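S.K.: I'd like to ask some things about the structure below.
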């Protein structure tokens, strides 16, 4: 039986109609990126310290201590092997465990880079890069998250001592959720309301030391701890998300991040020439990383579900022959293949966001801040779109694996539990979509992702040219349909908003419609960037053809899912929508022979996937059986508690109270 299952996936791989190695390069971004990722992934997989087989069975203290051990070992490896910054980042990624260093590298350092002066960067960044201090990002409070302007923590300037007094005036002002804060971080970038001479100047960042560098005890006036267990086995419970309160904690004036504004020794608030929009730069960096992570998380889930779907057989047996592979059922394909296409789509839009961030950074260095609002808006919207769809997609992949997908050994429950917080951290997804649509109607110049709105007359009057199913394989036809839908939804929102005498009232009343318009705009961005990818020189036999199929599946599945919007806006007719569904079914059949090769192109090791169902060799059932016997409950044949609680029931020895 084991041999049969292995042959199933080997046979699947022989069906591939494209150069898999070339597709691996396309997914990785370049041959260099592929080589680095491949080498570091295998380094991690071969190191027993980074093993994660028992992670879901550890209690909270053991799990956290194991995380500390892995981080220390990783830091030792980074230094001993003299890994580059790129390689070190890959190493932390492939360890695949939420840890206190995530916020240190991902938020603490970028905040100082983006908001600190050159002098502050020169002081703090070397310490952070050497991990002589460990930082976190303390913004969210018990009572406020997405509404940053509503934060309650205060930073009051004392001109007598040239210090800021950081204080938590209410219970709800307690900092809540920052990763690394609970037990490890020595420092934090703390966001607080700046109070100078009784005047509130809004929220600003401050570098605050939390713990002694000698014995790690909290400094005077600081109360700090862990907020408790989170959703799922293992998952984010390896992270010490924390609670923090301040009781009139004093810090030097120069620990206020002063790139945007500063407070002088005399107690004067002085804005700099740099606009506050510079803060968007850090957000763009973080959110483009989140979009990239979405493509990775979704591709992991899809790999597991696709490989297992090619192993699992159910029904369809005739004359004693083998049952049908579930991947051959159209119901399975219509749920699975759009997620596979979406993983590729998100990968390519994340590549574009990375180049956008590079462009933004170069412009900022030249004091050009013109693209920041649009970059902020599109990254906010894409963060929201990709994380919501990915979270739902991981859960769909679990369902596609049937009952076995519910086992921790499938890798899917923990992947879901680790991923779903992304929908709320770094901005609640609904709030972010409203930020996106606010930018669409801001009156700013129509550039970048909003440039299509400059063709207002055409998009309001155009009729789709689709007359047969094959017309939907034309990228220009697809793009125009998505542009028309997004633009007309925005126009409809604008018309409805104009009916309100008070804009804020209209914005509030129509917020659900505005979110739908923002989603349509963001889906257009993803479709357009996938189409742009197809226009590039793509080497490798058959690779471009597979990407064209994936692009069509991604776009036409969205069209099918949101058919009501295409119809209600007049962008398409019901006949054209029906033709899109016809070609979509045929595309699933074209993708089917290449499904296993396409997920192989993600180039994930079995260690990284952490899934019995998604094993490269397809040897699922013996390994599922083997994993079952590793559970702690199977350490004894007779369970603990049997003699105390079960035997008395069986032997009728329970004493009954007499009434």
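Backbone N, Cα and C define each Cβ position, glycine as well.
Unlike curated entries, TrEMBL annotations are predicted automatically.
Got these off TrEMBL a minute ago, pasting:
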- 426: active site, proton acceptor (ACT_SITE)
- 140, 179: FAD binding site (BINDING)
- 19-134: domain 'Acyl-coenzyme A oxidase N-terminal' (DOMAIN)
- 136-249: domain 'Acyl-CoA oxidase/dehydrogenase middle' (DOMAIN)
- 280-438: domain 'Acyl-CoA oxidase C-alpha1' (DOMAIN)
- 474-651: domain 'Acyl-CoA oxidase C-terminal' (DOMAIN)
S.K.: Work out, from DSSP, the number of helix, strand and coil residues along the domain 'Acyl-CoA oxidase/dehydrogenase middle' (136-249).
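M.R.: Taking the domain 'Acyl-CoA oxidase/dehydrogenase middle' (136-249) as a whole: 10 helix, 50 strand, 54 coil.
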S.K.: Taking all residues of the domain 'Acyl-CoA oxidase C-terminal' (474-651) together, what is their mean pLDDT?
M.R.: 95
S.K.: Could you give the Cα-Cα distance between residue 179 (FAD binding site) and the residue listed as 'active site, proton acceptor', in whole Å?
M.R.: 12
S.K.: Other than its own, how many Cβ atoms are within 10 Å of the Cβ belonging to residue 179 (FAD binding site)?
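M.R.: I count 25 other Cβ atoms within 10 Å of it.
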S.K.: On the DSSP side of things, how many residues of the domain 'Acyl-coenzyme A oxidase N-terminal' (19-134) fall into helix, strand and coil, could you say?
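M.R.: DSSP composition of the domain 'Acyl-coenzyme A oxidase N-terminal' (19-134): 89 helix, 0 strand, 27 coil.
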S.K.: If one measures from the C-alpha of residue 426 (active site, proton acceptor) to the C-alpha of residue 140 (FAD binding site), what distance in angstrom results, rounded to a whole number?
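M.R.: If we compare the Cα positions of residue 426 (active site, proton acceptor) and residue 140 (FAD binding site), the gap is 9 Å.
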